[in-house]
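The signal peptide annotation in Swiss-Prot covers 1-17 and rests on sequence analysis. Under the heading region 'Framework-1', Swiss-Prot lists 18-42. What Swiss-Prot records for 19-115 is domain 'Ig-like', and it gives sequence analysis as the kind of evidence. Look at Swiss-Prot and you will find 43-50 tagged as region 'Complementarity-determining-1', backed by similarity to another entry. Among the features that Swiss-Prot reports, region 'Framework-2' is placed at 51-67. Under the heading disulfide bond, Swiss-Prot lists C55-C113, citing sequence analysis as support. Feature annotation from Swiss-Prot assigns region 'Complementarity-determining-2' to 68-75; the stated evidence is similarity to another entry. Annotated region 'Framework-3' per Swiss-Prot: 76-113, in sequence order.
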Amino acid sequence: MLVCVLLYSFRLFGIQGEAQLTESGGDLVHLEGPLRLSCAASWFTFSIYEIHWVCQASGKGLEWVAVIWRGESHQYNADYVRGRLTTSRDNTKYMLYMQMISLRTQNMAAFNCAG
């Protein structure tokens with residue numbers, strides 16, 4: 001099982017925090033089909049933080065997938081998902097979105113977001 005964890009960082013204070021996140025999407029999808037996830041954040045000032053996606057396959061360590069900065073146009077994805085993964089955010093709605101296209105066997109898993 002591959003679990004995606006939504007992380008955020010407090011750059012100003014140099015500490016990590018926890019957010020309340022509600023995920024949707026992530027139902028079973030077919031290979032070659034798109035995977036769409038969304039996370040709703042609450043209680044922290046979402047718009048001023050960069051947001052990371054980190055995944056962990058069963059029995060393996062954490063693996064960084066993507067980051068999206070405060071501005072939607074600034075994002076960076078890991079090489080193995082580049083060109084297939086898009087992240088976006090709506091700061092006014094405290095929402096983060098991720099979509100992966102052209103799923104491969106190694107991508108087939110349950111994705112969740114958590115704080």
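Numbers here mean position along the shown chain, with the first residue as 1.
Glycine residues also receive a Cβ, built from the backbone N, Cα and C atoms like all the rest.
Within the region 'Framework-2' (51-67), the DSSP-based counts of helix, strand and coil residues read 0 helix, 13 strand, 4 coil. Mean pLDDT, taken over the region 'Framework-3' (76-113), works out to 75 on the 0 to 100 scale. Its Cβ taken as reference, C55 (disulfide bond) is surrounded by 19 other Cβ atoms within 10 Å in the chains shown.
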